[in-house]
Amino acid sequence: MSQSRDGWRTGSRRASWILDACAIVILQSIAAVICAPAYGSWRFAVAAVLAIGAPAAIAIILTWGVWLRARGVWAAYGIWYLITGIPVAIGSALWDLPANLGYGASQLLTAPVTAWKPLVTLDEPLGAFGTVLVPAYIVFGTTTLFAVLVAVRRPRLVGWQLAAVGAALVFAIGTGPKDPGELVLHFFGDVEVGREAVWGALWAAAALAWAAWRVRVSYRYAQRVNAKGRRKPRRSGAMAGRLAAATAIMVLAVVVSAGPGQALLPARSVARMWFSSPTVQPPATSPLDGFRAYFTPSNINTELLRVSGPDVPETIRLATLSSYRGDTFVAAEDQDPAGGYRQLALRVEDVAGPAATVEVTVGAYEGVWVPSPGQPIRIDFHGKDSRQLTNATYFSAQADQLIVVEPRDENAGLSTGDRYHLTYSRMPLANAVGRSTGIVPAWTARQAPAMYQWLAQTGADLSTVGGVQDAVTAMMSASYLGHSLDDPAAGGSRSGTWLEDLPANYTFWPSFAGHNLRSLEQNIFAPMIDPAYEPCTSASDRQCAATVGDDEQYASAAALIAQAGGFATRLVVGANVRADGSVRGGDVRAWTEIQDTTGQWNRIEATARTDNSFRDDNPTPTPRQYSNPVDAGAATQSAPPDDRGQAGTGSTTEAPSGNEDAARAAMWIRIATWAGGGTIALAVLTLPLWLALLAKAIRRRRRRRRGTPEDQITAGWDEFVDHHIDAGRPAPGARTRAETARLYGGDNAAYIADLADRAVFSHYDPAARLSEDFWVELHGYRARERAQMSKAARIKSAASWRSLRRRRYSAAGNTKGGGS
């Protein structure tokens, strides 16, 4: 083994790169902490520890222990990645072994390229969804390996080590969360400071401390070498100066980006803010259309779901429908971007209310709608299709609804045997004093005259949630339950029908399905304003029925009443959960929820009565065939505004031109801001170059014009020497000018040295003409020398700070010798 290799194994040099490795691990760990909120999972912590610790150990052991070449170390890291990549970064491949091993192996090879898209498009937190951990695992692993490998093999190349850990920091910030959050510091009172600013400052402080220690190590090494009579301390000192300058630039960049740089940008900008999350449109069909199918003899006792857990809820939500088109309730308007469902990676953030968990096993239930007792927070599927179901889960914040769009056996969504663990937030109790949001109703008195006339007769106050519930209660006092048009007990037996659990004195009345606007007008509101109808006079009145229907009609009518009061509404198809946790077809229900000014959704009950009856003088209902969609031409309805989607505010179908101009202006402002920010960043990064050029130009001008001709010639010789020092040549030390000229070589170098010697040693003061000739020769010499240098060497020489340091040569101040 060569002596140079043995040198890295002993003494202070070994301690040097060990401390370098520790500093690299600390800086990488801080960068991982900055990146952690975007993932929000313990799996990222495991991946980060292995991605930072393992490559550092590989670089140290394989280089210091067995002295492998760099390519061998990188090959060992590649093997490590292939072994650990699946369990650490692609955990979903282990959910169903061995079926998913092929998926994991293929993703392990393609994820370094394909995983960047979900990383920057999915909503945070990402967790361990799909392959989103692979980029972090690779970036932190490769940068750590490179930096530690350089520290062990080429410890003087500290700039490359800083560049590697800086790349990891850029990745952490660029792929970080949209809202980094704030930390409360208690040093000077409760001061809120940006979380990234705190960790960024710690990173900068650690980098500065590391650089200061490296400068000290280089200085002490230079002293030891100098004590042995060898001429290498200047090179080490130059390296220390470059290291200090590079570190100062990095710290300045961090400070600018955390302070003034943020003020230059209109808002926080990370990679995922420039890309939209994958979305899907919900089904155009409405589960409310098939509401009565659950009450047929073949489905009424069929188990749809089974719910288990420490606290089984009383009800469960199947589907949330936020838009009413006049013929049916649907999940969202066609092509409405706000109604799109966004892919769910891990969990839903910022969910208010107490959390609870349940286990749901799917029975005969089928469809894309994921049942949930409340607002979903997180869902974890179990079973052989868990990976496919997880990748196909989408969430709508507008509807508080999950859907699964994975096609299996030609049917998308859940199917028999699927299981999932759901964390959800319990829906709050209705706030009776909640105020109306003041949305302009989509359906006016022109389209729904009977409803508005009935509301006027009852004197309903629809400005509060309690007022809407009172109006719905008044409507339900005239209701009568009916699930079908034909009597299911016509054969003489109620067993196995929806009549089985009703009171024995219940009399069947026929009722049509459907909830289009004209049907509700004719079958729900019109009978209640019939002059022959006598409404209930007290809550105990049992003879005031006027309408027949079930939750499909009455929940829809309740939604129209709430819309008339300016509330945002949505209709929920749900079910009652039995004591044993089962949900059967006959348990399916529907209700309305309305949103008040606080943003809370309040449940409005609209349950048809079974204890009611019709008086002889009350008009008996005659079902009319109004299940067809609303005829817009016959009803002369105007197109509903966009706020039927119940986003909370009214809007028009076309954006005014003023908004387009404002958007265009904002776009150009943003472009100009980014261009200006990029220019400032470039100026900051190249600041040492410009400072060096400016300082040398000022120095050259001062040398040529200041003092007597002898002083100008002597200063010109200093310029001659500094030119070579910046080009990387050794300092002249104690050499004479003639010896220095031979050392540097070049055309007219000896003549320039001779002119300088004559000016210094002559008994006569040189004339101004001699000074001019000297500087002309010097400029020509420098031009010829630079012409022979490569472009990179010329840039390096121009940017060099070696000649600007005060203590340049050991023979500084000897104007009679070769040095200056």
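Just so it is clear, glycine is given a Cβ too, placed from its N, Cα and C backbone atoms.
Please treat TrEMBL annotations as automatic predictions, because they have not gone through curation.
Annotated features in TrEMBL:
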- 606-618: compositional bias 'Basic and acidic residues' (COMPBIAS)
- 545-605: domain 'Transglutaminase-like' (DOMAIN)
- 605-660: region 'Disordered' (REGION)
- 21-39: transmembrane segment (TRANSMEM)
- 45-67: transmembrane segment (TRANSMEM)
- 74-95: transmembrane segment (TRANSMEM)
- 126-150: transmembrane segment (TRANSMEM)
- 157-177: transmembrane segment (TRANSMEM)
- 197-215: transmembrane segment (TRANSMEM)
- 236-259: transmembrane segment (TRANSMEM)
- 674-695: transmembrane segment (TRANSMEM)
Outside the transmembrane segment (126-150), six or more residues from its ends: residues with CB under 8 Å to it: 20-21, 24-25, 28, 31-32, 35, 38-41, 43-44, 47-48, 50-52, 54-56, 58-60, 63, 70, 73-74, 77, 81, 85, 88-92, 107-108, 111-112, 114-116, 118-119, 157, 160-161, 164-165, 167-168, 171, 175, 345-347, 390-391
Proximity of the transmembrane segment (21-39) to the transmembrane segment (74-95), 3+ C-beta pairs under 8 angstroms: no
Closest-packing stretch to the transmembrane segment (74-95), where packing means Cβ pairs under 8 Å, from 45-67, 157-177, 197-215: 45-67
Helix, strand and coil totals (DSSP H, G, I; E, B; other) for the domain 'Transglutaminase-like' (545-605): 17 helix, 25 strand, 19 coil
